[in-house]
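Participant: Okay, handing you the structure first.
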Amino acid sequence: MVFPVEAIVGLVTFTFLFYFLWTKKSQKPSKPLPPKIPGGWPVIGHLFYFDDDGDDRPLARKLGDLADKYGPVFTFRLGLPLVLVVSSYEAIKDCFSTNDAIFSNRPAFLYGEYLGYNNAMLFLANYGSYWRKNRKLIIQEVLSASRLEKFKHVRFARIQTSIKNLYTRIDGNSSTINLTDWLEELNFGLIVKMIAGKNYESGKGDEQVERFKKAFKDFMILSMEFVLWDAFPIPLFKWVDFQGHVKAMKRTFKDIDSVFQNWLEEHIKKREKIMEVGTEGNEQDFIDVVLSKMSNEYLGEGYSRDTVIKATVFSLVLDAADTVALHINWGMALLINNQNALKKAQEEIDTKVGKDRWVEESDIKDLVYLQAIVKEVLRLYPPGPLLVPHENVEDCVVSGYHIPKGTRLFANVMKLQRDPKLWSNPDKFNPERFIARDIDFHGQHYEYIPFGSGRRSCPGMTYALQVEHLTMAHLIQGFNYRTPTDEPLDMKEGAGITIRKVNPVKVIITPRLAPELY
């Protein structure tokens, strides 16, 4: 059933008029509040401000334009919650250095409850004991440098298999390859192999994984949908489910959870057999690792062991299968449109590695220009252009402004990393800027935080960088590229919270190496 905007506005206004009057604070803060963008309505605020405005760019772009108009620190309301948007070096540093602990909470979103194992997924969990233990498990056991080193043969083998598959698609000099689809298949198959030990290839075999892949796409859509409860968190909008989102989330979660549960049960049975013969310690994938390190009940935090394992697995799939593929896709599009940079990267690999073998992970440290390319792509197209929203647990001060407790924080990383005060020719693809500039990914250089900063920075950064460097190195080393029309690729960005390329990367490729290497 579709409800008109007027009916929703009327219902919300009636429901919350008394609530607003009753909860309104009378005490004025000692410091000024940040600028608030105009156009908000009573009670609902700016809920429909960004809808049907004729602007189909990503939200980060729209908020960047507002920063140009109202400054790098401003607010608006999405229903009841106040949203703070920051995009300057100074404000970002205030949030993730001075106020890092204060901004370490997550806002409550309905999808976290119904799709995110009741917020057991690490990136959705509030800051506290559970979050600390789960993050420690992931960083020290699952995604540690030593653990990832043990699995490097899996990454190399999967990328090699996918490269050979790409080679078989070449039909003369005129066949067009959809590189975007290929990257999605590669990254999805790679993370499924590393997490569950499954060999997945699209359209071949595992019906269960195919069902999960569809449910995963539904998750991505549902997690970005506007849900009334997120703006007005009262039980009414959960119980009545005006928009049908709760029903859709429950259905999608059932499909996702059934796959994870089957994987988990398979691993538990396998582990029991291993323990019977006394060969414990030979972990083959991430589920093996988590099972070996986690107690039966998750340390009294209210989640069962199985729930935490499935939530952890889901977090890893979400990060690896989606954001990594998205970033490599932008990177290859930039290189194809900048053939001089592509040729320079090819020459570096030819010189340092040669053309009689493929690039390996141990070579990456010597490929300085490749590293600069990855950094530059992350600068222009950060995987989370607004990061995951934060929420402050107490009043604080950002850039001299009073920020009330419970404010949601959007850090506009895309705007920050294209700030002309910090970057020369900020919209130009120029990997050379990172040759002369000593800057890393760890979030301590507040002009460059593609993986976030502070306590809530991305724990999967090391894995993502390993896959991105190795995949791009293979694609650069193995093939030449041109577009079917010999015109530059369209770089149009899609609407929404993430930055997705509207049109896939479709190119004609020709091999650069000897046939036996494919």
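Here the Cβ of each residue, glycine as well, is placed from N, Cα and C on the backbone.
What you see is a predicted model, and the numbers here were worked out from it, not measured in a lab.
Quick paste of what Swiss-Prot says about this protein:
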- Cys458: heme binding site (BINDING)
- Lys254: ubiquitin cross-link (CROSSLNK)
- 2-22: transmembrane segment (TRANSMEM)
Participant: May I ask for the distance between the residue listed as 'ubiquitin cross-link' and Cys458 (heme binding site), taken between their Cα atoms and rounded to an integer number of Å?
Facilitator: 27
Participant: Could you tally the C-beta atoms, other than its own, that fall within 10 angstroms of the C-beta of Cys458 (heme binding site)?
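Facilitator: Result for Cys458 (heme binding site): 23 other Cβ atoms within 10 Å.
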Participant: At a 10 Å cut-off from the C-beta of the residue listed as 'ubiquitin cross-link', count the other C-beta atoms across all protein chains.
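Facilitator: I count 10 other Cβ atoms within 10 Å of it.
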Participant: In terms of DSSP three-state secondary structure, what is the assignment for Lys254 (ubiquitin cross-link)?
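Facilitator: In three-state terms, Lys254 (ubiquitin cross-link) counts as helix.
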